[in-house]
Structures are given as structure tokens and as C-alpha cells.
Amino acid sequence: MDDHDDSPVSPSFLKSDGEIEASLRPKSLDDFIGQPRVREQLALVLRGAKQRGSTPDHVLLSGPPGLGKTSMAMIIAAELGTALRITSGPALERAGDLAAMLSNLVEGDVLFIDEIHRIARPAEEMLYLAMEDFRVDVVVGKGPGATSIPLDIAPFTLVGATTRSGALTGPLRDRFGFTGHMDFYEPGELLRILERSAQILGVRIETDAAAEIAGRSRGTPRIANRLLRRVRDYAEVRADGIVTLPVARAALEVYDVDTLGLDRLDRAVLDALVRGFHGGPVGVSTLAVAVGEEATTVEEVCEPFLVRAGLVARTPRGRVATAAAWEHLGLVPPPDLVFGSIEVRGRTSQPTLDLFD
């Protein structure tokens, strides 16, 4: 595992999240905070199916990690009052693996496949027939004497989750009757999520402290809940157990999470780009060497948020720091900076140091 995966602002699921994250999951569409369009559309799909007494269309949920795709799959099963079977794309290496799982489904069950874009091709091709006709063809024997035996399966609803919808094949994507894209959350939505989580965990937190955590959570509930637990630890050990604004800020400083939600590696990349390469352009490989990381780590882990936050711009010649990046590091951007007009939502001005005096 990459060291950056253990960062408190990593959107990936960590072992430390464990059972605590499960206890914080919403149990119904009404409990689910955020994603209003997806919730409204899903409610219509599910309630329409219940009124008809049929199984709903297959559902594909896409979006970055940590936004609630697994929680939504659990809610779908709960709303339908049926069992949820959970697996993942990498676990389905052979068609037989999928056939065994499908044959054990009861009518109306929900089958959730996480990372469905990573499913093996033989299993994917078997899934086509299962999704359309609720049937699988099991091949018995090998060579010229092999025969295909059709096997009926109970009508079910497939819920697929993916962080890379573009990696899905066309035939698989087309078989989903409903596709919902999960967007990053607004600070106000994260604030409500944190207040709900604090109540469940028994954390005494002031509203402005919760707002501070929400503002550093990269628009991701998983990160917000993880930071809440880390701040709670700090408050219990070094304060009186109450999370106030000063306590929250001090705790987040200890865990190297700055005002924009950048961690140590993010800031190292930004600092190398601005101070080491005068704002760029510079290639990812060169930037990775400068911070002592693999190029894939910089490109896949750090860069997406830096670009989304308006701190880094991708150009044909390489990565370029925006005016917001210079200002976030407390520096004055050069006057001829091409990307100086890019704004960062929620960015506050800081004292700056002019390197060009």
C-alpha cells in the first residue's frame, strides 16, 4: 500500500474506517444527505417498481471514491425490503464465480458489484445474459464435446459502482436501466453529515468547528467522518473532550491537513512545482522525482484534487501552477502568469512574499 493511502484525506477506504464507518451509513433515502438529483431519481425508480410488484431496473452508480455509492446500494436493498449480496469486480475472475453467486440469489435480491469496471471479461459476458434474461449458460466439458446448459436465475437487481465509468464496456453500460453520477458535496451538506455523525458517535462539537472540518474534507463524506474521528481523539487527549474551533484547527494542524484539505504530499508537490520549477510547466515524472514519489502516485493520487481545487493546470507542455497555488503558499504570482484567472472556491487570502523583488 502506498504511504499516501494512509493520509487522513485519502478518499479510499482504510482499515481504520472499519465498523465505525458502517455505523455512520444512512439507512434510507430520507436519511441520505446530499446528492438530491440521484436521490429523487432513485426514489421514483424504486417506488415505481414496488407499486408494479416488479424488480427495479439495474442501477449503475459512478463517481469518485468516498461519496456514498456503497451506502446507496445498501439503501436500495433496504427500500425494497430485500437481501443485499456484496462482491467486487476483482473478485469475479472466472465465469464460474459469478454463476455460483447468481444461482444463490432469491427473487428480488440486490447484487452489489463494487469496482464493476474491473470485472474479468468471461464473467462480464455471462453478466450480459443474466441482466437481460435472468439466465446464464453454464458450459459443461471441454473441447468439441463441451455443451452449454441454460440455467434460469431468480429476477434480481444489479447495482454496479465504479470510479471509472469510461472504463466500462459499451455492452455492459447499456444494460443498466438507471445511471446516477455522484458529485462532490457542498460544505453545507458536509456540515450536516458531520453533525449527524457527531451525534451518533457521541462527540460534542460546536457548529463552527464542524464547519472548519467540512471545509477541509475535499467535498467527500468519508474524509469528513475520518477527520471528525481524528479531531475527537485530539479533543479527548489534549482538551476537555469538546471540539471547539481552536481545538479543531489545532488537531488538523497535527494531522497535516491545511485549510484547503491538502496533506503533506499535496503541499510537497505544490511547493516543488512553484519553488523548484518556478510554476512550470513541468512533466509529472520530473515532479515525482522532486518529491521522492512514484509518477503514478503524483498523477493518480495528488493531481486530481490539485486540479479540481484550481491549484494546478494541465497543459500540453506539462503541469503549471495557477495564481491560487502561489497565493496558497504565501507567494506573489509572477505578473505574466497565464493561468492567473483560475479561482478556488472558499480560498482565503494569506500574507504573501514577493520572490521577484
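Yeah, the Cβs are placed from backbone N, Cα and C, and that goes for glycine too.
Among the features that Swiss-Prot reports, ATP binding site is placed at Leu24, Arg25, Gly66, Lys69, Thr70, Ser71, Glu132, Asp133, Phe134, Arg175, Tyr185, Arg222, with the record citing sequence analysis. Summarising the annotation, Swiss-Prot assigns Mg(2+) binding site to Thr70. Feature annotation from Swiss-Prot assigns DNA binding site to Arg314, Arg319. As annotated by Swiss-Prot, region 'Large ATPase domain (RuvB-L)' applies to 1-185. According to Swiss-Prot, the feature region 'Disordered' maps to 1-20. Residues or ranges marked as region 'Small ATPAse domain (RuvB-S)' by Swiss-Prot: 186-256. The region 'Head domain (RuvB-H)' annotation in Swiss-Prot covers 259-357.
Everything Swiss-Prot records as a feature, shown here on the structure.
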residue	record	contacts (Cβ under 8 Å, 6+ apart)
Leu24	ATP binding site	Arg196, Ser197, Ile200, Leu201, Asn225
Thr70	ATP binding site	Arg25, Phe112, Asp114, Ala161
Glu132	ATP binding site	Arg175
Phe134	ATP binding site	Asp152, Ile153, Ala154, Pro155, Phe156
Tyr185	ATP binding site	Gly34, Leu67, Ile193, Gly219, Thr220, Pro221
Arg314	DNA binding site	Val307, Val320
Arg319	DNA binding site	Leu273, Gly280, Pro281, Val282, Gly283, Val284, Leu287, Glu303, Val312, Ala313
- Message: Of the residues named as ATP binders, Leu24, Arg25, Gly66, Lys69, Thr70, Ser71, Glu132, Asp133, Phe134, Arg175, Tyr185, Arg222, how far apart in Å are the Cα atoms of the most distant pair?
- Response: 37
- Item | Secondary structure tally of the region 'Small ATPAse domain (RuvB-S)' (186-256) (DSSP, helix then strand then coil) | 52 helix, 4 strand, 15 coil
- In the region 'Small ATPAse domain (RuvB-S)' (186-256), averaged pLDDT is 90
- Item | Cβ packing number for Gly66 (ATP binding site), 10 Å threshold | 28
